[in-house]
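Report on one structure; see the data block that follows.
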Amino acid sequence: MDYKSSLIQDGNPMENLEKQLICPICLEMFTKPVVILPCQHNLCRKCANDIFQAANPYWTSRGSSVSMSGGRFRCPTCRHEVIMDRHGVYGLQRNLLVENIIDIYKQECSSRPLQKGSHPMCKEHEDEKINIYCLTCEVPTCSMCKVFGIHKACEVAPLQSVFQGQKTELNNCISMLVAGNDRVQTIITQLEDSRRVTKENSHQVKEELSQKFDTLYAILDEKKSELLQRITQEQEKKLSFIEALIQQYQEQLDKSTKLVETAIQSLDEPGGATFLLTAKQLIKSIVEASKGCQLGKTEQGFENMDFFTLDLEHIADALRAIDFGTDEEEEEFIEEEDQEEEESTEGKEEGHQ
């Protein structure tokens with residue numbers, strides 16, 4: 001964590017320092033002990049343990065007598081995969097530097113007088129700060145508006161209580177959206193595997209088909225090209241469908257990621273009023289985005305290409321009529337041949353009589 005460069009970027013070093021000391025999980029100042037991940041991001045050890053336990057539900061605690069092989073989870077900041085040994089998060093190194101900075105920061109804050117920060121003012125009463133929230137109109141306002149102004153008949157609540165409530169709701173929405181992004185990423189991985197298996201299966205049936213045609217290549221050369229083309233068309237059709245799905249899910253993931261970034265930036269607003277001016281619409285957008293992820297998927301057995309297999313146990317006169325078929329069609333063909341042979345035999349016997 002580059003604290004020096006972060007502090008230089010703005011004119012208020014203490015506010016910037018406080019932002020650097022916020023845990024991305026609990027959204028509060030780091031609680032000691034603070035652990036540092038391999039990707040160099042920091043977490044409260046309690047928060048790190050919470051997400052580790054959520055990602056590894058069958059991992060037992062440090063005091064268990066059962067020998068565990070460890071587990072893994074993703075850094076909430078950069079999504080880098082963190083691999084743990086059998087000690088879990090207790091095997092992570094403590095960031096003593098950050099802990100010392102937190103102590104110094106708290107001492108500095110306790111010794112400094114409260115400073116007047118920027119606070120939104122009421123548009124109707126320019127000398128009044130926005131300090132209450134109108135529940136009826138769902139907007140922040142000032143006390144004068146409640147006593148004498150347009151919100152006189154409205155129901156109001158303390159700004160801080162509404163701020164905390166909507167902040168909690170937004171946190172829950174972010175968690176829900178992040179979980180949805182993980183599911184989308186899983187689907188993308190599955191689709192990529194599906195694409196690979198489809199290619200492998202297509203290659204396999206092509207090889208099998210080529211080997212069977214080699215025995216009768218002189219007769220089947222033209223037919224061979226035709227059937228291979230059909231397999232290729234089916235492969236391209238399936239791969240085009242899968243590629244389109246991957247692109248749709250990737251676009252959904254990109255939109256969700258941008259929305260998460262916007263929401264996290266909104267959480268960094270130091271004042272409740274500024275936050276509440278945009279929080280309602282932001283929460284609505286996140287909920288709609290979470291409900292809107294209704295994209296298509298491949299059906300079970302989509303990658304299967306077995307219906308292109310061929311059995312070349314046919315007489316030479318039937319070679320030019322060969323096509324991909326089912327077992328039932330082949331059985332009917334055999335039954336028709338047997339019936340023709342029986343009729344021919346019966347006719348010969350009647351002729352001898």
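Along the chain as shown, residues are numbered 1 onward.
Using the three backbone atoms N, Cα and C, a Cβ is placed for every residue, glycine included.
Straight from Swiss-Prot, the features:
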- 23-79: zinc finger (ZN_FING)
- 74-218: region 'Interaction with TTN' (REGION)
- 117-159: zinc finger (ZN_FING)
- CYS122, HIS125, CYS145, HIS151: Zn(2+) binding site (BINDING)
- 207-269: coiled coil (COILED)
- 267-325: domain 'COS' (DOMAIN)
- 326-353: region 'Disordered' (REGION)
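The Zn(2+) site is set by CYS122, HIS125, CYS145, HIS151; from the centre of their CB atoms, other residues of the chain with a CB within 8 Å are GLU124, GLU128, ILE130, THR141, CYS142, SER143, MET144, LYS146, GLY149, ILE150. Note on the binding-site residues CYS122, CYS145: the fewest other CB atoms within 10 A surround the CB of CYS122. For the binding-site residues HIS125, HIS151, the ranking by surrounding Cβ atoms (within 10 Å, all protein chains) places HIS151 first.
Here the zinc finger (23-79) returns a mean pLDDT of 80 for the predicted model.
According to its DSSP assignment, CYS145 (Zn(2+) binding site) is helical. Counting residues of the zinc finger (117-159) by DSSP class, helix then strand then coil, yields 6 helix, 11 strand, 26 coil.
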